[in-house]
Structures are given as C-alpha cells and as structure tokens.
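Just passing along the structure, written as structure tokens.
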Amino acid sequence: MQRIAPALRQDNVPLDLISLIKTVLAACKEISFRVGQGHLSGVMGSTLDENIQGEVQKELDVVSNQLLKDILLESGFVKAISSEEEDTSVAGNENGKYIVSFDPLDGSSNIEINSLIGTIFSIMEAPEGMSADNPDMFKQPGVNQVCAGYVLYGPATILALTTGKGTHFYTLDKTHGSFMLTERNVMVSEETSEFAANMSNQRFWHKPMQNYINDLVAGTDGARERNFNMRWIAAMVGDVHRVLVRGGLFTYPADTKDPKKPYKLRLMYEANPMSFLIEQAGGLSVTSEGRIMEMQPTDIHQRVEVILGSKNEVEKCLSYYK
Ligand code: AFP
C-alpha cells in the first residue's frame, strides 16, 4: 500500500504542492487526535463568540482553525489563507505560490453527539500582481483549483483528495501516522436510489425542488415508479463521502426561509472543493442554473445552492427546473 507522497509523485504533482498537502495533513492529524479524544480533549464546548457567519464557535472550531492557520502561514508555500472562522483572508508569505481556503471543522454541530465531522480544503495558485493582504486573490472560479480534499473524522480518518487526476481515498494509519492510499480513482455511480436533504426546509424550497423531492418520496406510488432511501448526516463532509462511496444525490437547495440568506453552503471552502472531488469522480455538482465550479465568486464567504452526486440523478433533478 502506497504512502501519499509517492502516490502523488506518480501523478506528477509538483513537489511544492505535495509538501503543501502534507502540511495541511499534519494539522488534520492533530485535529483527528483531538476529535478522537472527545471530552478528554477538554475542547468540546462552545465559546461565547460567533464567527462572521453569525454561528456560535465551538472550541474545536477555534482550535482547528488556529492549527491550520498557523501551520499553513509558517510553511512558506502559502501567500494567504481564508477560513470559515476568519472574517477576511489572512496574509502569509508575500512570495508564496499558493492560497488555501478551508472549513476547519465542517459539521461542528455534530461534535456534541459524536457524529461525523471533517476538514475541507481548497488550494489555488496565488494570482500575479496582488499583495498577500488582498482578499480579492480568492475571487477565482472553482475551475482554478489545483487541489481539493477533505479529511473525515469518523471511525477511520479518511482523506479524499484530487489534484485533477481523479479522486482518491487515503486512510490514516494511526500506528505510524501516515495516510495510505486505499482506493484510487473513486467513481460515483451514475444511477442512485438514495438522496440527502434537510427535509425540514421543504416548505421553503422553490417549486421545482419541492416537486422533485415529492416524486422521490412518492416512490412506486409516484412518477419515478421506484422507491428511494434518504440519509442526512448534517455534515456536508459525511454526506459527500457517502455519495463518493455508494452514489446518491445531495442537495442544500435555495430556500425562502430568510430572504437575506437564500443559500446555506459556502462556495469557496465547501461547494467548490466538494465539486472538484465529485466531478473528478464522474459526478455532477451544480446549482439550478449551472456548474458550481464555473461561478465567479464575489465574496470569500459567499453562499451557494448545491445539487451534487450521481450524474443521471442530478440531471433528472435539473429537468424539474425546465
Ligand atoms: P455546521 O458546521 O454549522 O454544523 O454546518 C454544517 C453545514 O455547513 C454543512 O456541512 C451541512 O450540510 C449543513 O450545514 C447542515 O445544515 P442543517 O443544520 O440545516 O442540517
């Protein structure tokens, strides 16, 4: 079984990008340990602070963010970082080649119930001619990503990673601390009978999504003439991992619950990296209006509608919008 560095060299990934990926993973190994310690880690509570999203920060959110921020900014490879937990981008090495966006702990409302959580990251090259403290560096479409991945903190600690040459799974061998290649070229099945949505929002969805999900729930009694199963982990990292492993359709659609916040998931450090992984595995990742990775970001904390997963099922969902 291959360790991650030789596996990436086999894909001709530049050596400095391999080093940067290993830097991200060094922080994720520390996060994995602390998450695995549960209440013994002493950081399972909530802080008195809110992040820019207006969400109460869990202690593990803050610790995970600090671990990633520190190790990336002192690595020398990174010109700037942006994070769900940082109001704006944070400058690193003025001559750094890469910029990194991350959600340090996605699904943090699952921490207290010992359920799935993870770190999501997206790496792009720093554009020429912008200073390290200019957040506009991050306003690049997702097609500019050179690497994307997540580390899922579950019974096993699993890394899903792409550098544009397929999506691959690595498993952390906790006996020696290396991520080992455990599945090359993961492929999302084109068909599925499984979907993931927060059904409590259904009455706020736009009509096409309401009709599409109603037909899934109607099963053999409805237009689809077959039954579907539903899963909802409430951590994108867990739901997307299930889609990569056994197919499915995951959606967090636009809703009218709060007119000031029609979308929930963040483009730069949730939707774009997950879209890269899903597309490299043969799936689709779209809004009702087009491919997520072609969107031109206007803000580093921009939110977006997400419909992703098994190609034929995503296309079926989009047919309801015609
Ligand atoms: P938290 O990190 O605040 O738990 O949010 C997780 C998330 O951004 C995404 O990972 C989930 O898919 C989605 O929110 C869950 O949202 P609901 O709370 O509406 O289920």
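Every residue, even glycine, has its Cβ placed from backbone N, Cα and C.
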Have a look through Glu270, Glu279, Glu289, Glu294 and flag the one TrEMBL assigns to the Mg(2+) 2 site that Asp103, Asp106 belong to.
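Of the residues offered, the record points to Glu270.
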From Lys69, Lys260, Lys261, Lys264, grab the residue that TrEMBL records in the same substrate site as Asp106, Gly107, Ser108, Ser109, Asn198.
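My reading of TrEMBL gives Lys264 as the candidate in that site.
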Quick check on the annotation: TrEMBL has Asp103, Leu105 binding Mg(2+) 1, so which of Glu84, Glu85, Glu86, Glu125 does it put in that site too?
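The record-listed residue among the candidates is Glu84.
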Between Asp103 (Mg(2+) 1 binding site) and Ser109 (substrate binding site), how many Å separate their Cα atoms?
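Cα of Asp103 (Mg(2+) 1 binding site) to Cα of Ser109 (substrate binding site) measures 14 Å after rounding.
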Cβ under 6 Å from an atom of ligand 1: which of these binding-site residues qualify? The list is Glu84, Gly107, Ser108.
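Correct list: Gly107, Ser108.
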Determine, to the nearest whole angstrom, how far the Cα atom of Ser109 (substrate binding site) is from the Cα atom of Glu84 (Mg(2+) 1 binding site).
14
Taking only C-alpha atoms and a 10 A limit, tell me which of Gly107, Ser108, Asn198, Lys264 are near Glu84 (Mg(2+) 1 binding site). These are the binding-site residues.
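Close binding-site residues: none.
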Only counting partners 6 or more residues apart, tell me which same-chain residues put their Cβ under 8 Å from the Cβ of Asn198 (substrate binding site).
Trp232, Ala234, Tyr252
Do me a favour and check the Cα-Cα span between Asp106 (Mg(2+) 2 binding site) and Lys264 (substrate binding site); whole Å is fine.
13
